[in-house]
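In Swiss-Prot this protein carries:
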{"type": "BINDING", "residues": "THR9, PHE10, HIS17, GLY88, LEU89, ARG90, GLU98, TYR123, SER124, PHE125, ILE126, SER127, SER128, THR129", "note": "ATP binding site"}
{"type": "BINDING", "residues": "THR9, LYS41, LEU73, ARG87", "note": "substrate binding site"}
{"type": "SITE", "residues": "HIS17", "note": "site 'Transition state stabilizer'"}
Amino acid sequence: MNRVLYPGTFDPITKGHGDLVERASRLFDHVIIAVAASPKKNPLFPLEQRVELAREVTKHLPNVEVVGFSTLLAHFAKEQNANVFLRGLRAVSDFEYEFQLANMNRQLAPDVESLFLTPSERYSFISSTLVREIAALGGDISKFVHPAVADALTLRFKK
C-alpha cells in the first residue's frame, strides 16, 4: 500500500493545500496530512484547531487522515508507515528550500521518497502567510480558504 505523508504547519490550511490533497488522494492509497506543531513559527492557531480545520476541509475524501505531530518528520513517517513525502512547489523560489529538505529527509529516512507537486494555476499564488495578513486587515479570504477556515480566521481576528 502506498502511503503518502503531506507535512506542513497548515496555519491555516488553504485551497492550495486542499488541491494538493485531492490530487494526492487519487494517486495514493492513503494520504496522511501531518500537521506540525511548529512552536518556533508561533502559529496563529493551536495544533488541535489546525488539525480540526484540516479534517473539516478533507472530510469528503475517504482515504485521507489528519494527524498532528511534534517529533522529527523522518521518525513520524516511520511511525505512520509512509513511503512518500509529498511537498508542494508554488514557485521556483520554493525549490531550493524543498530540495535541501528532501536531501536531509533522504539521509534520515532513506526508504521514504520525496515527491513534489505543483498546485493548480488558480491556487499557485496562495500562501497561509498571505491569507493570515489579508484576514488580519479585514479582507475577503473566501476565494482562498474553505468556509470553516474563513470563519475561524474571522473569529480569531475579532478578538
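Every residue number used here counts from 1 along the chain in the order it is shown.
Cβ coordinates come from backbone N, Cα and C, glycine included.
Here the candidates are the binding-site residues LYS41, LEU73, ARG87, and by Cα distance the one nearest SER124 (ATP binding site) turns out to be ARG87.
Sorted by the number of other CB atoms within 10 A, the binding-site residues HIS17, LYS41, ARG87 start with LYS41, the lowest. THR9 (ATP binding site) is 9 Å away from LYS41 (substrate binding site) when you measure Cα to Cα.
Nearest Cα neighbour of LEU73 (substrate binding site) among the listed binding-site residues (HIS17, LEU89, GLU98, ILE126): GLU98. The Cβ of LEU89 has fewer other Cβ atoms within 10 Å than any other of the binding-site residues LEU73, LEU89, ILE126. Ranking the binding-site residues THR9, SER124, SER128 by the number of CB atoms within 10 A of their own CB puts SER128 at the top. Annotated pair GLU98 (ATP binding site) and ARG87 (substrate binding site), C-alpha to C-alpha distance, rounded: 8 Å. Within 10 Å (C-alpha to C-alpha) of ARG87 (substrate binding site) lies none of the binding-site residues THR9, ILE126, SER128. Here ATP is bound by THR9, PHE10, HIS17, GLY88, LEU89, ARG90, GLU98, TYR123, SER124, PHE125, ILE126, SER127, SER128, THR129 per the record. The longest Cα to Cα distance in that group is 19 Å. In the three-state DSSP classification, ARG87 (substrate binding site) falls within a strand.
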